[in-house]
Amino acid sequence: MPKTISVRVTTMDAELEFAIQPNTTGKQLFDQVVKTIGLREVWFFGLQYQDTKGFSTWLKLNKKVTAQDVRKESPLLFKFRAKFYPEDVSEELIQDITQRLFFLQVKEGILNDDIYCPPETAVLLASYAVQSKYGDFNKEVHKSGYLAGDKLLPQRVLEQHKLNKDQWEERIQVWHEEHRGMLREDAVLEYLKIAQDLEMYGVNYFSIKNKKGSELWLGVDALGLNIYEQNDRLTPKIGFPWSEIRNISFNDKKFVIKPIDKKAPDFVFYAPRLRINKRILALCMGNHELYMRRRKPDTIEVQQMKAQAREEKHQKQMERAMLENEKKKREMAEKEKEKIEREKEELMERLKQIEEQTKKAQQELEEQTRRALELEQERKRAQSEAEKLAKERQEAEEAKEALLQASRDQKKTQEQLALEMAELTARISQLEMARQKKESEAVEWQQKAQMVQEDLEKTRAELKTAMSTPHVAEPAENEQDEQDENGAEASADLRADAMAKDRSEEERTTEAEKNERVQKHLKALTSELANARDESKKTANDMIHAENMRLGRDKYKTLRQIRQGNTKQRIDEFESM
């Protein structure tokens with residue numbers, strides 16, 4: 001039995017290990033990969049490897065893996081990458097896994113600055129990336145520093161602004177919070193809808209020369225071929241849609257494009273190496289095929305995939321709605337529980353206050369009762385003394401009378417009687433004054449006792465009211481994805497039909513233009529970042545982008561402009577560059 005060969009395939013978010021036979025073809029390996037990851041939209045992807053010269057190359061599906069210029073190492077290393085890009089992610093990318101693989105690849109391109117992205121858009125995209133990773137912002141879970149381990153912005157953007165890590169996190173967090181309620185899958189799609197409007201998105205650039213020998217860039221993308229000046233890869237100067245191209249061929253380093261318009265001359269350019277022309281040819285054929293396919297009705301397979309995706313999305317939305325409903329119920333229950341706890345605490349505090357007031361009133365009552373008793377005793381003592389004095393007065397009166405009588409009876413001398421009389425009279429007067437004083441004191445004590453009695457009755461009434469306040473029971477808690485330098489020429493006819501006249505891409509607008517929410521967010525971010533920007537660190541791309549913005553240009557307005565005039569006029573313009 002032939003010895004198997006170890007293969008490692010790296011997708012954007014996983015590493016896969018396979019054992020293949022020496023006669024395994026590129027397609028067999030590719031099929032094994034897509035089956036393993038559950039991918040059905042296979043037409044966008046390919047397997048990439050580094051050849052023995054160090055060039056990045058796409059694995060040919062119709063040849064054996066071992067017959068291709070793959071570095072002989074163990075295991076053989078491949079990357080599973082998107083080779084072709086859709087025109088409109090929201091219309092063409094059906095499966096969640098397809099969207100996710102594109103999202104991760106595009107995000108990597110933006111973060112590495114392979115795709116130029118202005119600062120304000122970079123921050124907005126970062127917030128969608130965070131939503132796709134973490135879901136809704138939760139202050140209880142997403143504490144300060146929760147984004148510390150994530151690379152979210154291009155290094156260029158970080159260096160151009162006087163903001164530290166925490167300040168960047170604060171800004172991204174604010175926009176993360178804005179996406180509350182958005183499914184992770186929807187955040188991925190929103191990211192791609194904004195990213196696809198970036199000028200360098202989905203473009204394969206090749207260094208070429210025209211007949212004059214001018215150094216230019218050729219851009220191959222989903223919509224056609226575009227020509228760029230050497231110092232500006234953001235703004236194409238001439239464009240040729242796939243619908244205008246009849247045949248593409250190369251002979252060594254010379255590449256020839258024959259337009260459908262037979263009155264127009266051939267579009268000729270030169271690449272630095274034969275392998276470049278081979279790659280351009282392959283990309284042109286693949287992109288043209290997809291361009292034509294998009295302008296025809298969906299195949300049964302695609303229709304089924306879309307139906308299944310709609311059903312899965314609907315199911316997720318239903319599940320999300322149920323989860324949200326349960327979450328709201330749980331939050332309401334928690335709030336109710338907190339409210340009950342709060343009310344319980346308030347009532348317990350009120351009860352404590354009442355108990356303290358009652359205790360204080362009780363103490364006051366006891367004090368007033370004690371004073372009342374003391375006053376009563378004083379009153380009784382004063383009364384007793386008054387009675388005693390009255391008795392003594394009476395006795396004095398009687399003694400006086402007896403003396404008078406005795407005077408009469410015994411006929412004492414006038415001087416003696418007068419003396420005794422005077423003494424008794426003085427004594428009587430003193431006793432009368434003492435009696436009146438004591439009676440006055442008794443009346444005074446009687447009034448004080450009456451006031452104390454009234455205070456006592458009032459305190460008793462307050463105590464009775466306080467004591468009658470019902471005891472508060474504790475509330476119940478709620479439970480609740482070329483190298484061959486031989487074969488120096490190749491040609492491919494690009495078939496066309498009536499559908500090719502569909503150039504609807506020229507009518508497209510950017511996501512920011514049609515989505516008021518995105519427009520508002522980008523405007524706010526532009527204003528917010530302006531104060532922190534270090535103008536001295538602007539790159540050439542920053543200045544080109546700023547000029548395009550000033551002139552009101554965007555990707556699709558530029559596309560319409562560079563396709564104006566007939567094919568001959570645009571080819572003549574290319575030759576004169």
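Each Cβ is built from the backbone N, Cα and C atoms, and glycine gets one as well.
Listed features, source Swiss-Prot:
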- 2-295: domain 'FERM' (DOMAIN)
- Lys79: N6-acetyllysine (MOD_RES)
- Tyr116: phosphotyrosine (MOD_RES)
- Lys139: N6-acetyllysine (MOD_RES)
- Lys165: N6-acetyllysine (MOD_RES)
- 375-401: compositional bias 'Basic and acidic residues' (COMPBIAS)
- 476-487: compositional bias 'Acidic residues' (COMPBIAS)
- 492-518: compositional bias 'Basic and acidic residues' (COMPBIAS)
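Swiss-Prot feature annotations superimposed on the structure.
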| residue | record | Cβ contacts under 8 Å, 6 or more apart |
| --- | --- | --- |
| Lys79 | N6-acetyllysine | Val9, Thr10, Thr11, Leu47, Gln48, Tyr49 |
| Tyr116 | phosphotyrosine | Leu198, Glu199, Met200, Arg233, Leu234, Asn541, His545 |
| Lys139 | N6-acetyllysine | none |
| Lys165 | N6-acetyllysine | Ala148 |
For the compositional bias 'Basic and acidic residues' (375-401), the number of residues DSSP places in helix, strand and coil:
27 helix, 0 strand, 0 coil
So, in DSSP terms, is Lys165 (N6-acetyllysine) helix, strand, or coil?
helix
State the mean pLDDT for the domain 'FERM' (2-295).
94
